[in-house]
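Noted in Swiss-Prot for the protein shown:
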type	residues	note
BINDING	Cys149, Cys152, Cys206, Cys209	Zn(2+) 1 binding site
BINDING	Cys166, Cys169, Cys192, Cys195	Zn(2+) 2 binding site
DOMAIN	5-69	domain 'J'
REPEAT	149-156	repeat 'CXXCXGXG motif'
REPEAT	166-173	repeat 'CXXCXGXG motif'
REPEAT	192-199	repeat 'CXXCXGXG motif'
REPEAT	206-213	repeat 'CXXCXGXG motif'
ZN_FING	136-218	zinc finger
Amino acid sequence: MAKRDYYEVLGISKDASKDEIKKAYRKLSKKYHPDINKEEGADEKFKEISEAYEVLSDDNKRATIDQFGHDGPQGFGGQGFNGSDFGGFSGFGGGGFEDIFSSFFGGGSQRDPNAPQKGDDLQYTMTLTFEEAVFGTTKEISIRKDVTCETCHGDGAKPGTSKKTCSYCNGAGHVAVEQNTILGRVRTEQVCPKCNGSGQEFEEACPTCHGKGTENKTVKLEVKVPEGVDNEQQIRLAGEGSPGVNGGPAGDLYVVFRVKPSETFKRDGDDIYYKLNVSFPQAALGDEIKIPTLNNEVMLTIPAGTQTGKQFRLKEKGIKNVHGYGYGDLYVDIKVVTPTKLTDRQKELMKEFAQLNGEEINEQPSNFKDRAKRFFKGE
């Protein structure tokens, strides 16, 4: 099944700016986010929106889509084949059959090795108590990540030294490679493996980062946990990922939450559930019982004749929605508890109650010991 046009998915024109792409994505992702939209198909719609944004926000991927269409650069001029016909063929620097066409037809999807590139995104898993997730908190975390080298400030060269023309590619930034392929011997150009396309090399590499421009360190960060986060949800800390390349922006850090269950409540989204045991007299006669909520205790009125399974709803006594859409509710589920041990007087009263109710009770022992006693008494 062919993919939908990514511009159509986001509802934008093909000459849309990056800001217009981002605005359209934010609007649609908020509308179809699975945590907000429970309608059937919303999850797939959200994935489609995310995929469209991922492609159109990347200049190289967008250029490929604009040049070859949404099915990629496989179909050319009625040749009757595409890249999948050649299985795992990768005779052009590991790029596969599509890269052969890139060489023949102008290389529209090739990336400039000197172009600014965003750094890698990172992920951190944070464990929260139920209370921390409900009310929000601020926590300090320690993560190991690549940071800009303090010695060379990301340049890669030893301070006080300069760069020189790459001796491998003579400053071109790329080298010619000839390879035998199924189409014959083909000459292609590849990024210089020594200078990574810059055309320059160090007189002397930085002694701290050994020319990488980055060093791996433990970094402490303060993370503000918003009220109402749920298990598996995440927040993005912009610019806290790995450093960018060639002056590109740093990546982002995604903090994924693991929320411990509550000993008092069961959570379902923004709603919480509380199990309340009531005695037989309380259920039969009614009562007022003090129950816990997230912030304090309140009195709950139990009407006379309440049965097991009865549910009471306390509006807006649940969890604050993490996106700011009000509060959930607190549901109280009733369970009428049958007494397991009765005094003789209590038994008499229960029998009297049964008689008044027109019931004839054939009392049964509750365990082996009681049955044995009745046997030896001849009952």
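Any Cβ shown, glycine's included, is placed from N, Cα and C.
On a predicted model such as this, the values are computed, not experimentally measured, just so you know.
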Count the CB pairs under 8 A between the repeat 'CXXCXGXG motif' (206-213) and each of 149-156, 166-173, 192-199, then give me the winner. 149-156
Calculate the distance in Å between the alpha carbons (Cα) of Cys166 (Zn(2+) 2 binding site) and Cys152 (Zn(2+) 1 binding site), and round it to a whole number. 20
Other residues with Cβ within 8 Å of the Cβ centroid of Cys149, Cys152, Cys206, Cys209 at the Zn(2+) 1 site? Glu150, Thr151, His153, Gly154, Asp155, Gly156, Ala157, Ala205, Pro207, Thr208, His210, Gly211, Lys212, Gly213, Thr214, Glu215
When you measure from the Cβ of Cys206 (Zn(2+) 1 binding site), which residues in the chain that are at least 6 apart have a Cβ under 8 Å away? Cys149, Thr151, Cys152, Asp155, Gly156, Ala157, Lys158, Pro159, Gly213
Would you report the average pLDDT that the model assigns to the repeat 'CXXCXGXG motif' (206-213)? 88
Enter the number of other CB atoms within 10 angstroms of the CB of Cys152 (Zn(2+) 1 binding site). 23
Within the repeat 'CXXCXGXG motif' (206-213), residues counted as helix, strand or coil by DSSP: 0 helix, 0 strand, 8 coil
What's the CA-CA gap between Cys209 (Zn(2+) 1 binding site) and Cys195 (Zn(2+) 2 binding site) in angstrom, rounded? 16
Same-chain residues at least 6 positions away from Cys192 (Zn(2+) 2 binding site) with a Cβ under 8 Å from its Cβ, in sequence order, are Cys166, Tyr168, Cys169, Ala172, Gly173, His174, Val175, Gly199
